[in-house]
Amino acid sequence: MSDRAKKHAQWKNAEHNKNFMSASRVVEILSQASLVEKIARSKCFEWFSCCIIVLNSIFIGWHTQVLATGAIQRANANLQPEMEVDGGIVLIQGLFTSLFISELCIRWAAEGLKDFWMSNDVGWNLLDLLCCVIGLLDVSVELVIRNTGRLDEGNPLRGVTVVRVLRIVRIVRVVRVIRIMKFFKELRMMIFSTLNSLQSVVWIFFFLFVLFYMFGIAFTSSVVNFLDTLERRQDPAYSSLLKYFGSLDVSILTLYMSMTGGQNWGVFYEALKTVPGGEVSCILFILYVTFALFAVVNIVTGVFVDTALQSSKDDREVAVQDEVEHKKSYLNHLRELFEAIDVSAEGMISRDTLQHAFKHETIVAYFNSLKIDAPDAKTLFDLLDYDQSGEIDLEEFLHGCYSLHGDASHLEAKILQMEVRFVKEMLMQLMDDFQDLRKRRLRRPSTDRVDKGDRSHTSKGLH
């Protein structure tokens with residue numbers, strides 16, 4: 001990882017965890033960024049990018065409508081369509097292109113030449129670069145058209161399709177609207193749910209085709225068997241049968257329209273009633289409509305809803321955003337609780353202050369609502385006073401309470417189990433060492449007596 005990437009990681013970490021850090025520490029980390037990096041990472045710049053993307057999309061739609069209505073008006077007046085674009089339109093196009101290029105250059109300079117193409121957003125960066133290139137080509141071609149005159153028969157650009165291609169490819173710039181979906185959780189969820197439902201859509205289409213195919217064969221066979229003479233096929237009374245059920249492909253289309261509301265299914269029912277003795281076909285058609293509308297539609301809706309719910313759970317960005325919002329809300333509640341306990345507004349909570357606060361049922365209820373199970377003030381103070389200074393500041397309070405809230409997870413239980421096993425092993429080792437030491441002390445008196453006897457015999461021999 002490059003130094004610039006490491007700095008970006010530090011800034012991102014400081015932005016996400018600024019509720020846990022002191023204000024001075026956050027300012028210290030963010031102050032290391034250059035002016036361009038501060039601009040690129042600011043909320044104002046993000047919203048500025050969002051606004052120009054939306055405005056450009058609106059402008060493209062408005063310009064397309066102007067071209068279409070102008071062509072209709074000139075056609076009604078027996079005039080050729082006007083290919084030349086108004087100068088104001090070209091000016092606005094150039095303005096949007098300049099803004100997009102400036103925005104791309106700022107982000108490029110902030111992230112670095114190499115890191116810009118190695119980040120997780122490399123796909124979006126390529127799309128932005130493509131949009132800028134298309135914008136430059138679009139404006140350049142419009143300027144060439146204005147300088148060379150209309151695209152009449154004598155103009156060399158008359159046979160070139162670049163103008164038409166650029167005006168069609170301009171839709172790529174509208175695709176950038178998808179990039180702003182990270183600012184709107186609901187929009188992001190809808191788009192990703194739709195994309196994740198494509199696999200289910202394929203199987204739904206296959207199931208519906210099989211359904212239409214089976215019933216289509218039944219109705220087409222019935223009609224073909226009935227219209228077995230030329231007179232019946234040419235009879236105007238049976239024209240609706242040929243129109244809606246004359247062949248298998250037409251029958252499948254008819255069944256699809258009756259299910260999706262393309263046409264009232266009563267029209268098709270009346271066509272089947274014209275068949276003498278066609279009560280079986282009519283009953284079968286009613287069964288089809290009932291099954292399609294009350295069973296198949298609900299099943300399809302359920303599949304889409306289930307896929308949408310599953311995709312919203314699996315979407316990492318949505319999950320992270322929900323977790324960040326929940327974390328911010330929880331920390332704000334902790335700040336309010338800290339201010340309620342710190343009645344003197346000194347920014348520190350002493351042991352006596354916390355014990356006095358626990359006498360109020362409101363404070364205890366506030367702790368319980370935040371899922372912090374505090375048995376008493378003394379135990380809670382010992383858990384929060386990490387540096388053993390005798391006082392708790394805001395940072396210690398936030399860190400400690402956030403780590404204490406909620407029930408014990410499986411990971412925490414495993415960690416506790418590991419620590420207990422480690423303490424048990426240490427105690428067993430200590431007991432073994434104690435037993436060895438005790439055995440040595442029990443053997444030492446006999447050894448001492450032997451040594452004393454040897455010394456006494458030696459002393460007598462000397463005398």
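Keep in mind that glycine also has a Cβ here, set from the backbone N, Cα and C atoms.
Copied over from TrEMBL:
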- 47-68: transmembrane segment (TRANSMEM)
- 88-110: transmembrane segment (TRANSMEM)
- 122-141: transmembrane segment (TRANSMEM)
- 200-221: transmembrane segment (TRANSMEM)
- 241-259: transmembrane segment (TRANSMEM)
- 280-305: transmembrane segment (TRANSMEM)
- 372-407: domain 'EF-hand' (DOMAIN)
- 444-463: region 'Disordered' (REGION)
- 445-457: compositional bias 'Basic and acidic residues' (COMPBIAS)
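Counting Cβ pairs under 8 Å that are 6 or more residues apart, the transmembrane segment (200-221) and the transmembrane segment (241-259) reach 3 or more and are in contact. Listed by sequence, the residues of this chain that lie at least six past the ends of the domain 'EF-hand' (372-407) yet keep a Cβ under 8 A from its Cβ atoms are 19-22, 330-331, 334-335, 337-338, 347-351, 354-355, 357-358, 364.
Take the transmembrane segment (280-305) and the stretches 88-110, 122-141, 241-259: counting Cβ pairs under 8 Å, 241-259 has the most. Over the domain 'EF-hand' (372-407), the average per-residue pLDDT in this prediction is 78.
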